[in-house]
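Student: Okay, handing you the structure first.
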């Protein structure tokens, strides 16, 4: 850089001045005399030959370097131009840690005062015998003829005497040579270029030396900075290799070695920074060699320990994964439990030793249960019909009454004269994607997670813990209390065959749902609610829909394993009926379902009817006194007038009615939809309910307030909607009242209830109450469903809590025959 260069072009360093008789100009002679007389940092080797200046001109005191041959060290020293550039700190190339004003404030105290610089210059010229601007007098002619050996001997003798006396004198006078701004050593070097020891001492004087020493002491420990002109000196960049005979430790001053200067990497406690190799390495110039230094380069803290940090970071991550998994697995396999949690607090009085070894880690081990609330955790392996009673209390009470309009459980319910007002617990023990989309949202469409079968496969070993957590949290005791408070009196509980047993190849979580089914029945008992058991998924799948457990092929009464699955489903009912024929259930389980929604549009109708008759006879033979329900199979209700006319007693037909899955009904506007229910559905249900003109006792086991099919996954995972015309891959027709205007949208239909307009809430409640009125003309109804994660128009709980369902189900504000209220300016596109 310009501020650190020298004028090497004026006289080549390779000129052999010793072999010639050069003619010196006064200025050259003066500079040569100056350089030749300072040997403070000379090598001990008199045969040392200088390398080119650009190799080692990085030291702060480089103008004091000397050769064996003073003629080789002739350099032009132009005081007017050598330091034209703005002053730069000598350690700028090394500065990495100290920045800005903080560093600069510390450095400014190290700059010599102008009076000290002037005094140093005066001594230089006085000792050379030139007091003025013209430089020294011409060299005597006989001086040019001196021999090389004699001149060298004289010079070395003078240097040695001067160094010894001056160093001792100034160190004593200054008190601390290493602490002064212009210390004794530095002045010895500066004055070493002058001829005559006595002249130097006489001109210096004791008073001035004391004054300078005092200033140095007041300034504190400062770095030694030579100043040869009005402006401070800049340094060249450090070379990669130090000159032979020099120690690389000269890069830093004594103060830096003791305290560590700016840009130097500090050790943990005390001491200075690393040797020069570390500093040069920091600038990217070090070749890895430590020659010339007695101290090995010390790498940075991160470089020394980064592998250790990485190793421990990996261990921490692995531990964060392994520990929770290990705890869960230990609970499952070895009977450990989070017994301190409130949901497992009843385990505190139970000894783990009370669980037999063969039962530990199984569904019979309460220490592996996610939730033990309201379960009897005393171990038992007793069964009824081959089904465990583990978790049940030995006593019960059937005196509870849901509301004043229905009898308590220990009195018979007047079916036929008193309508059922109930709700389903869909998506709970039989998982449905549209009810609990959170279990499916984390997967991409390419993974094909579309039902409980594929979900269980995907979850693998974690399926039991994930699904049991859903069982324990999606429906709780509070829900049964709310169902009662909403004026409802029946609960239809969905479950599937894997709650009882699984078969080879099944990925389902076996038997855990059974425990939650039994507890749910006990909660119903507590709040006076009667139960309708609903097998939602039977072996092989009865309809191939996702809520049967496995979407796709129907394998029940159909296909290669059709007969096998027929037999399995009968075995299931054999066990179930034996269990629920117990006295403890005769007052609470009052409706017993055979199978949910067998798709009789695809299955052989006669096979379904024969199985229905056989299954009904079986369960009644086993002691079931409850009503047995058979689903209409999606056949027109008028076809049932002639089916199962000679059937077992105490049977009930179950029909499910929705307007959103019928393209002829989903397009109706709000008012017309209410009219459809009160005119068409009302009479249809009323007629089928009469044995003489229809089939006989009929209930509507499923219906909802949904007026669109916009809810996420309601048409299967990844399937579009009829409302927006995305349901079919071949037909883009939009099925909504405003399809001709192109305004069909699911945005408003899927909005949260908090933004519903009063007109929309009025419609939704009127729409619900019209259906209640129609179905109560028969045996009654069960709303689909009680709770959903996000599908607001499918959740009775959401509607009830947000003011678009009657406060009490038995006290609606609208009945068929009443004038349909105005819905205000409610748009028809939602």
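Every residue, even glycine, has its Cβ placed from backbone N, Cα and C.
Got these off Swiss-Prot a minute ago, pasting:
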ACT_SITE  597  active site, proton donor
ACT_SITE  702  active site, nucleophile
COMPBIAS  1-11  compositional bias 'Basic and acidic residues'
COMPBIAS  74-84  compositional bias 'Basic and acidic residues'
COMPBIAS  147-163  compositional bias 'Basic residues'
CARBOHYD  341  N-linked glycosylation site
CARBOHYD  376  N-linked glycosylation site
CARBOHYD  381  N-linked glycosylation site
CARBOHYD  393  N-linked glycosylation site
CARBOHYD  397  N-linked glycosylation site
CARBOHYD  546  N-linked glycosylation site
CARBOHYD  558  N-linked glycosylation site
CARBOHYD  610  N-linked glycosylation site
CARBOHYD  669  N-linked glycosylation site
CARBOHYD  689  N-linked glycosylation site
TOPO_DOM  1-307  topological domain 'Cytoplasmic'
TOPO_DOM  329-830  topological domain 'Extracellular'
TRANSMEM  308-328  transmembrane segment
Student: Taking every protein chain shown into account, which of the glycosylation sites 376, 381, 397, 546, 610 has the largest tally of Cβ atoms within 10 Å of its Cβ?
Tutor: 546
Student: Give the sequence-ordered list of residues that share a chain with residue 558 (N-linked glycosylation site), lie 6 or more positions from it, and have CB atoms under 8 Å from its CB.
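Tutor: Once residues fewer than 6 apart are set aside, residue 558 (N-linked glycosylation site) is near 540, 602, 603, 604.
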Student: When you rank 393, 546, 597, 610 by Cα distance to residue 689 (N-linked glycosylation site), which of the recorded positions ends up on top as the closest?
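Tutor: Going through 393, 546, 597, 610 one by one, the Cα closest to that of residue 689 (N-linked glycosylation site) is 597.
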Student: Name the secondary structure element type, per DSSP in three states, that contains residue 702 (active site, nucleophile).
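Tutor: DSSP assigns residue 702 (active site, nucleophile) to strand.
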Student: These are the glycosylation sites: 393, 669, 689. Which one scores highest on other Cβ atoms within 10 Å?
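Tutor: Max Cβ neighbours within 10 Å, all protein chains included: 689.
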Student: Using DSSP and three states only, what is residue 393 (N-linked glycosylation site)?
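Tutor: In the DSSP reduction, residue 393 (N-linked glycosylation site) maps to coil.
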Student: If I take the Cα of residue 546 (N-linked glycosylation site) as reference, which of the recorded positions 381, 393, 610, 669, 702 has the closest Cα?
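Tutor: Closest by Cα distance to residue 546 (N-linked glycosylation site) among the recorded positions 381, 393, 610, 669, 702: 702.
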Student: Within 10 Å of residue 393 (N-linked glycosylation site) (Cα-Cα), which of the recorded positions 376, 381, 597, 669?
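Tutor: Among 376, 381, 597, 669, the ones whose Cα sits within 10 Å of that of residue 393 (N-linked glycosylation site) are 376.
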Student: Looking at the recorded positions 376, 397, 597, 610, 669, whose Cα is closest in space to that of the residue listed as 'active site, nucleophile'?
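Tutor: Of all the candidates listed, 597 is nearest in space.
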Student: According to DSSP, folded down to helix, strand and coil, what is residue 669 (N-linked glycosylation site)?
Tutor: coil
Student: Compile a sequence-ordered list of residues in the same chain as residue 597 (active site, proton donor), six or more apart from it, whose Cβ lies below 8 A from its Cβ; state 'none' when nothing qualifies.
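Tutor: Result: 542, 543, 545, 548, 631, 633, 634, 656.
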Student: Write down the Cα-Cα distance for residue 669 (N-linked glycosylation site) and residue 397 (N-linked glycosylation site), rounded and given in Å.
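Tutor: Per the Cα atoms, residue 397 (N-linked glycosylation site) and residue 669 (N-linked glycosylation site) stand 49 Å apart.
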Student: Considering Cα atoms only, can you say which of 376, 381, 610 is the nearest neighbour of residue 669 (N-linked glycosylation site) among these glycosylation sites?
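Tutor: So, of the listed glycosylation sites, the one sitting closest to residue 669 (N-linked glycosylation site) is 610.
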Student: Roughly how many Å separate the Cα of residue 610 (N-linked glycosylation site) from that of residue 381 (N-linked glycosylation site), to the nearest whole number?
Tutor: 36
